[in-house]
Amino acid sequence: MHVQELLFVAAILVPQCLRALRYSQGTGDENCETLKSEIHLIKEEFDELGRMQRTCNADVIVNKCEGLCNSQVQPSVITPTGFLKECYCCRESFLKEKVITLTHCYDPDGTRLTSPEMGSMDIRLREPTECKCFKCGDFTR
């Protein structure tokens, strides 16, 4: 491509890109938020020889990130594909450890365990307490 052609393409594309950028920044329709979600957790416990000792499960409420983030694709004379992509994803910005008690425990034969030491199991997991929009694929935070 000659210099004159590049200047012509740039003269046409740059104003369109700026309009697209202004439009995407001005919409304000991001709504990334922390929501409650019910999930079914199952945890198996094994002895040192790898034999299953018990299985515990429960339906629990945990936090999740959900929502929309502004993303855009705009023409570009610089990138090899001809488009510059800026994608943003709704993800956790802060995690907190939570202890959950699984209250339905069974032996390998499927018999319900009711003793205080075997009838329930505490597990730890990390759940989001805050969510916000981050550049997609950016795991450095």
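For all residues, glycine too, the Cβ spot is worked out from N, Cα and C.
These figures come from a predicted structure and were not determined experimentally.
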Pick out which of CYS69, CYS87, CYS89 Swiss-Prot lists as the disulfide partner of CYS133.
-> CYS69
Checking Swiss-Prot: of CYS131, CYS136, the cysteine bonded to CYS65 via disulfide is CYS131
Going by Swiss-Prot, the cysteine from CYS89, CYS90, CYS105 that pairs with CYS32 in a disulfide is CYS90
The residue that Swiss-Prot pairs with CYS87 in a disulfide, chosen from CYS17, CYS136, is CYS136
Swiss-Prot pairs CYS105 with one of CYS17, CYS56 in a disulfide bond, so which one is it?
-> CYS56
Nearest to CYS56 (disulfide bond) by C-alpha distance, among the disulfide-bonded residues CYS32, CYS69, CYS136, is CYS32
What is the nearest of the disulfide-bonded residues CYS65, CYS87, CYS90, CYS105 to CYS133 (disulfide bond), using the Cα of each?
-> CYS90
Once near-sequence residues are set aside, which residues in the chain of CYS65 (disulfide bond), 6 or more away, have Cβ atoms under 8 Å from its Cβ?
-> CYS32, GLU33, THR34, LEU35, CYS90, ARG91, GLU92, PRO128, CYS131
Other CB atoms, at most 10 A from the CB of CYS56 (disulfide bond) = 22
